[in-house]
Number of protein chains: 4
Amino acid sequence: MSARAWALSIEDREKLIQAAFEAKEGSYSRYSNFPVGAALLAVDGTIIKGANIENASYGGTICAERTALVKAVSEGTRKFIALAVTSNVKSAISPCGMCRQFIREFCANDMPILLVPADYPQEGKVKPGSSAGGVVETTLGELLPMSFGPEDLDLPRKLQ
Amino acid sequence: MSARAWALSIEDREKLIQAAFEAKEGSYSRYSNFPVGAALLAVDGTIIKGANIENASYGGTICAERTALVKAVSEGTRKFIALAVTSNVKSAISPCGMCRQFIREFCANDMPILLVPADYPQEGKVKPGSSAGGVVETTLGELLPMSFGPEDLDLPRKLQ
Amino acid sequence: MSARAWALSIEDREKLIQAAFEAKEGSYSRYSNFPVGAALLAVDGTIIKGANIENASYGGTICAERTALVKAVSEGTRKFIALAVTSNVKSAISPCGMCRQFIREFCANDMPILLVPADYPQEGKVKPGSSAGGVVETTLGELLPMSFGPEDLDLPRKLQ
Amino acid sequence: MSARAWALSIEDREKLIQAAFEAKEGSYSRYSNFPVGAALLAVDGTIIKGANIENASYGGTICAERTALVKAVSEGTRKFIALAVTSNVKSAISPCGMCRQFIREFCANDMPILLVPADYPQEGKVKPGSSAGGVVETTLGELLPMSFGPEDLDLPRKLQ
Ligand SMILES: [Zn+2]
Ligand SMILES: [Zn+2]
Ligand SMILES: [Zn+2]
Ligand SMILES: [Zn+2]
């Protein structure tokens, strides 16, 4: 939301957004009928795509953002520049809390997260809180303030 | 964080904080050695306690906040006034993203969430961001801004 | 499935089954429309009830069996004699894998698990694999053979 | 366990096992110190690798088997021939219940699952329950009997 100097070039931004739309094609969302696509830009310039993969047990469901992250991390890519997320909804949809926590493990608080509406690029006047094309630009720190993270498990503790 | 007119009386606040400490006694945290206690104040005045229950599969672990919520909700209590969380760490520990999302299902954005240090009440000067005794007072809306919630699943969607 | 000498008296069995039906009333299953109830019999004779509590993120969903277990364990009850599970489906529905793993943390392999059809007690001839009233009687060991459990995390490991 | 006519050639079996070992290199398991690797053989002959990716929240952890599956499924690969899993433990380690449920969504009950010891190939006499090299050969149906699956959500239900 706050103004921010993006490390992301216009070309990279656009490529990442398009990758999120492509990623959505891989969704397995037969229970929610709510396909989501996510795309991660790694520091080495590669883009890793993910989609939501649901499960009959509901609780087993893995979202698009976590799919993209486990793909990347399990192949040794652990530093990221930006994340884009899109769905079939005409407003920008935000990662669930579980995904925010999962992103937290690997990404900096100021990493840009682009929430992309299904009808991107939206025409006309840019709405408050959005940037060009109707994208809501936020960061992990904005989405998960005062977060619990890896370093908290190392804090000194009272004897039980 | 922001100044807020609490619906919570000083007595209820103290009772809720003490319940979070008691709740922590029920923790099963043999893998993390990080016991957490949570206490929910329901609109009918009852307090429901929860502790983190871990699992050898790690991914199966259920946090204190979610334990308190499923206890309450499965018994028909679905309206809450406040939540308090504490651990053995001398700083205020915040709910993980998964719990924030779970709280989101049942609680209003302005519901107070009290993050209570292990050595509550802390003596001396109140630190910035804290209130009396070292408690950090926040809300669900502050912890999970721009959240994805039940109503998002009902939004009109682009044809796939 | 195999014949087994039940530790469970007929009275306790019936009380546990009825508790599972009552537990189902507490279900919050607006996404699946699939309410489930579970009831745990503890060694001290108490019965702990649980219902499935769903979440807009799907992945955050907690099943009835896990709800019952976290309720019990967080209050210090950690030894169990039997579990009963029921739903609105006229055949016996079995716990998901996540719940089997969660049960594994606290229950013995030979603990009876009763899968109760919605129309219990079913009239007429007992079907193969079922016992009186149409209940399928199984155990954790049958549902989760060769399981991964707490002791596996203590096995000696090859240096990485 | 049971004798079975493998669709899996000796070459494919060996390639899959080696892929599981390679996959383990991608593990992010700083909390459990228990790296796991998994490899899926798809019907088109490709092998998809996964490793466990842990999370400070513990409950957010995603196992190797699920990592491999979301990688494959999100890229359109949804039919599988076999799965191999390995860890740093000198005995064959089995998938957790959560993973068994996740596998259930996409794989047939008779799909071979190979549990591979860290010191594969083990020398000497083949132990009971194992096959060449110390591998335990099982199937999804053996690991998750009487499973709850997608079709159960479509069963006719009693009116609530
Ligand atoms: Zn998510
Ligand atoms: Zn949590
Ligand atoms: Zn379950
Ligand atoms: Zn697993």
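Including glycine, each Cβ sits where the backbone N, Cα and C put it.
Here's what TrEMBL has on this protein:
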type	residues	note
ACT_SITE	C:GLU65	active site, proton donor
BINDING	C:ASN52, C:ILE53, C:GLU54, C:ASN55, C:ALA56, C:SER57, C:TYR58	substrate binding site
BINDING	C:CYS63, C:CYS96, C:CYS99	Zn(2+) binding site
DOMAIN	C:11-151	domain 'CMP/dCMP-type deaminase'
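Here the features listed in TrEMBL are painted onto the structure.
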| residue | record | DSSP (3 states) |
| --- | --- | --- |
| C:ASN52 | substrate binding site | coil |
| C:SER57 | substrate binding site | coil |
| C:CYS63 | Zn(2+) binding site | coil |
| C:CYS96 | Zn(2+) binding site | coil |
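Ranked by Cβ neighbours within 10 A across all protein chains shown, the recorded positions C:GLU54, C:GLU65 are led by C:GLU65. Taking the Cβ of C:CYS96 (Zn(2+) binding site) as reference, residues of its chain lying under 8 Å away and at least six apart in sequence are, in sequence order, C:CYS63.
All protein chains included, C:CYS63 (Zn(2+) binding site) registers 26 other Cβ atoms within 10 Å of its own Cβ. Within 10 Å of its Cβ, the residue among the binding-site residues C:ILE53, C:ALA56, C:CYS99 with the fewest other Cβ atoms is C:ALA56.
It is C:ASN55, among the binding-site residues C:ASN52, C:ASN55, C:SER57, whose Cβ has the fewest other Cβ atoms within 10 Å in the structure shown. Screening the binding-site residues C:ILE53, C:CYS63, C:CYS96, C:CYS99 for a C-beta under 6 A from any atom of ligand 3 leaves C:CYS63, C:CYS96, C:CYS99. For the domain 'CMP/dCMP-type deaminase' (C:11-151), the DSSP counts in helix, strand and coil order read 42 helix, 33 strand, 66 coil. Those binding-site residues from C:SER57, C:CYS96, C:CYS99 lying by chain D, with Cβ under 8 Å from one of its Cβ atoms, are C:CYS96, C:CYS99. Cα-Cα distances to the residue listed as 'active site, proton donor' place none of the binding-site residues C:GLU54, C:ASN55, C:ALA56, C:SER57, C:TYR58 within 10 Å. Distance from the CA of C:CYS99 (Zn(2+) binding site) to the CA of C:ILE53 (substrate binding site) is 13 Å. Within 10 Å of the Cβ of C:TYR58 (substrate binding site) there are 26 other Cβ atoms, across all protein chains. Candidate binding-site residues: C:ASN52, C:ASN55, C:ALA56, C:SER57, C:TYR58. Nearest to C:CYS99 (Zn(2+) binding site) by Cα distance: C:ASN52. In sequence order there is nothing to list: of C:TYR58, C:CYS63, C:GLU65, C:CYS96, C:CYS99, none of the recorded positions comes within a CB distance under 8 A of chain B. Proximity to chain A, taken as a Cβ less than 8 Å from one of its Cβ atoms, holds for C:GLU54, C:SER57 among the binding-site residues C:ILE53, C:GLU54, C:SER57. Taking the domain 'CMP/dCMP-type deaminase' (C:11-151) as a whole, pLDDT averages 95 in the prediction.
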